[in-house]
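Step one of this worksheet: look at the structure below.
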Amino acid sequence: MAKSLVVALGLWALGGLLGLHHLYLGRDRHALLWILTLGGFGAGWLWDLWHLPGWVATANGPPRHPQSGAVPVLSPPRIAGQLLVGAYFGLVAALGVPWVPLPLAVALGVLLVASVGDQGTNRPRVLVAAFLSSLLFQGGLLPTSLATTAVAAWHRRFEPPRGPPPPLSARLCHLGLGVAAFGAPLAWGAVSGALGVAGTVLTLPLRVGVLPLRAVWALLEGLGVVGGAPEAGRGSGANERRRRALEVLGLRGGCSAEDVQRSYRELVKLWHPDHNRHRAREAERRFIELQEAYEELAGPRRAAG
């Protein structure tokens, strides 16, 4: 069925930020990219207006067969898109899905832009470049995205012509899976964060209500009215601090001094702020917790020795 420029323009105006005009013209990867970035952060959507007539003509014309060995012309907008979307995917992974490796997220963003239209690139080499550059630049987001983009551009190529497009229902299913793969982890992270905040808010009245009781107890202790129970309370507090320290270091009761020192060294290397610049606040918090836990467990042992 022939594609209409009027319909394409209407879809661009009404749902262009979600890539409806690309879906209409059979450019599903471009549509997915637009959904995940809201029309290429708005700028790509405006840029599409200039290219719509050419895309409609391509959709209505015969399939193109590039010459064997032909290499696509280097496109500055595509290079800029790979760099920005790669960094964007990496930032989303660092903030919302910390268990997804940052270089993998960057590589997926670069590959998505590189596969728009009739072009592609060498996927395995792009993935390897993302992980190697992340190690080289110690997780730096922009340097990793830049190096990955350079490798993708160097290995750019035309993809072989595809067969007849699948039914619209299958295309929408594939598109929905792509959106779910991007959005579901973010939704889970948002729900987990909201539950944590709700738990803190719900327990706040209880914590505030305990404060007057603690003040009265401290007053009675100072007057000498009570004596034995506070010692037990302090012992209980010490036990709680020790239990928390063991939990932070991933140890169990009865561990040796060597176990404490070994676990501390391994975790400090993992959470050192210099190695986690993409999540600096979390790394700094974990680093401080590790130091306090080590002091709690190793301090009495050093004093005894």
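One is the number of the first residue shown, and numbering goes on along the chain from there.
Cβ from N, Cα, C; glycine included.
Unlike curated entries, TrEMBL annotations are predicted automatically.
Residues or ranges marked as transmembrane segment in TrEMBL: 6-24, 31-47, 87-114, 126-155, 175-204. What TrEMBL records for 244-302 is domain 'J'.
Within the chain, the transmembrane segment (6-24) has long-range Cβ neighbours (under 8 A, six or more residues past its boundaries) at 30-35, 38-39, 42, 45, 48-49, 52, 55-56, 171, 175. Over the domain 'J' (244-302) the predicted model carries a mean pLDDT of 81.
Mapped onto DSSP classes, the domain 'J' (244-302) shows 50 helix, 0 strand, 9 coil.
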